[in-house]
Amino acid sequence: MKIAILGYGTVGSAVVETLLKNQDLIKARCNEEIIPVIALARSLKPNALIPIVNDIDEVLEREDIDVFVELMGGIDLPFEIISKILKRKKSVVTANKALLAYHRCELEKLAQDTAFGYEASVAGGIPIIKILKEGLSANNIVSIKGILNGTSNYILSKMTEDSAKFQEVLKKAQDLGYAEADPTFDIEGFDAAHKLLILANIAYGLRVKPEDILIEGVSKVSDEDIYFAKEFEYTIKHLGIAKIKDEKIELRVHPVMLNKDKMLAKVDGVMNAISVDGDVLGESLYYGPGAGGKATASAVIADLIDIARKEKNSAIFGYLNDTSYELLNKDEIYTRYYLRLKVLDKIGVLSKITHLMSEHQISIDTFLQKPKKEKQDYSTLFFITHQTYEKNIQILTQRLREQEFVKDDVFMMRIED
Ligand code: HSE
């Protein structure tokens, strides 16, 4: 089986290296040789292990290619290219979660009996798509909660363990090949949102776009939040959450305060982990490397092996499960909240804050005023509220921002119990 790689970066080169390194084993597993014959790259790579070209037509025009592996990134261009390839009845494997978050259903429909694999798009090497489509296919999925962005988890772990500064750790994650070409996708939560939408689409048949859901990243988490979390036995994690609530689907991506004894709280570094709650099985947890060339290559090659085996399994072949589920309105999210704000340290400030809270039906569960250094005029206050609606907390944070005694921004994070 001959393959072409569209995009020869960290992942593309890892796919080729692994196919060559494990070629005997791979042949034994699918009874066929999987041969990378050509790759497309922006610039020619002198040390590449296979011929590299920078004209896409040179690759697409080759009739001898059986499978095209799309690792270019972006949305519109790969959508156009993959559509063309699938119309020619040639198989495609992609790791492109942004593309799939927008166009998975259209592409699967177009593929029909042609193989279209995308295991590598969610959680790197963890075979979570197979798990949902095959292993858990007897279950109604009650919830999915996942650490889906390795870069964010790496940053939060290093800020917690080593008191490292955000920018330094981000730079290291980029050097290690974990971060997206544009790291905003990682640190503002979009990458995790793309992955969550793919999982929610498989689990619930829900077709919504990233702009329809609540997305926040780790970029505003500070060392003060880490300090509070440690004091009160929480760990800060960035989670993608999909769950059934009142016959609707709640979807959100944001940093959370998680009780430090929860299993997801113990997942550190670039690792990903996904907890799936099924109505028959109950909770199961999947853990593994979620970013980097090798992890992604492992999932890309698993799809290639499935194609070589000509298995018409549901992980590769068309599987659409439209349902009547609707998305839960963001305002109706109901949870506990953490608030951090810097205020002038003077008489009456705390009472004004608690008054605003009671006006908006918000009750305090935990409060901490961080002792300030002698010469400072401002104090940092931390609150955890009892459960309330997102709508209430959004109005409250807006009102707090308007107060003349509040300095800087008011930071809010949700608690995941
Ligand atoms: N940038 C992604 C991450 C890579 O950090 O998880 C895998 O999709």
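Including glycine, each Cβ sits where the backbone N, Cα and C put it.
Model, not experiment: these values are computed from the prediction.
The active site, proton donor annotation in TrEMBL covers Lys195. The NADP(+) binding site annotation in TrEMBL covers Leu6, Gly7, Tyr8, Gly9, Thr10, Val11, Gly12, Ser13. Marked as NADPH binding site by TrEMBL: Lys97. Per TrEMBL, L-homoserine binding site is recorded for Glu180.
Distribution of TrEMBL features across the structure.
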residue: Leu6; record: NADP(+) binding site; DSSP class: strand
residue: Val11; record: NADP(+) binding site; DSSP class: helix
residue: Glu180; record: L-homoserine binding site; DSSP class: coil
residue: Lys195; record: active site, proton donor; DSSP class: helix
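In this structure the C-alpha atoms belonging to Lys97 (NADPH binding site) and Lys195 (active site, proton donor) are separated by 6 Å.
In this structure, the binding-site residues that sit close to ligand 1, with a C-beta under 6 angstroms from any of its atoms, are Glu180, chosen from Tyr8, Thr10, Gly12, Ser13, Glu180. Put simply, the residue listed as 'L-homoserine binding site' is 11 Å from Thr10 (NADP(+) binding site) when counted between their Cα atoms.
The most crowded of the binding-site residues listed here (Thr10, Ser13) is Ser13, judged by how many other CB atoms sit within 10 Å of its own CB. A Cβ within 8 Å of the Cβ centre of Leu6, Gly7, Tyr8, Gly9, Thr10, Val11, Gly12, Ser13, the residues given for NADP(+), is found for these other residues of the same chain: Ile5, Ala14, Val15, Ala39, Ala41, Leu71. Spatially close to Gly12 (NADP(+) binding site) yet at least six residues away along the chain are Ile5, Ala39, Ala41, Val69, Leu71, judged by Cβ distances under 8 angstroms. Taking a C-beta cut-off of under 8 Å and a sequence gap of six or more, Gly9 (NADP(+) binding site) has these contacts in its own chain: Ala41, Leu71. The two recorded residues Glu180 (L-homoserine binding site) and Val11 (NADP(+) binding site) have their Cα atoms spaced 11 Å from each other. For the pair Val11 (NADP(+) binding site) and Lys195 (active site, proton donor), the Cα-Cα distance reads 17 Å. Neighbours of Val11 (NADP(+) binding site), defined as other CB atoms within 10 A of its CB across all chains, total 26.
Sequence-distant contacts of Lys195 (active site, proton donor), defined by Cβ-Cβ distance under 8 angstroms and a gap of at least six in the same chain, are Lys97, Ala101, Ser121, Val122, Ala123, Gly146, Leu148, Asn149, Gly240.
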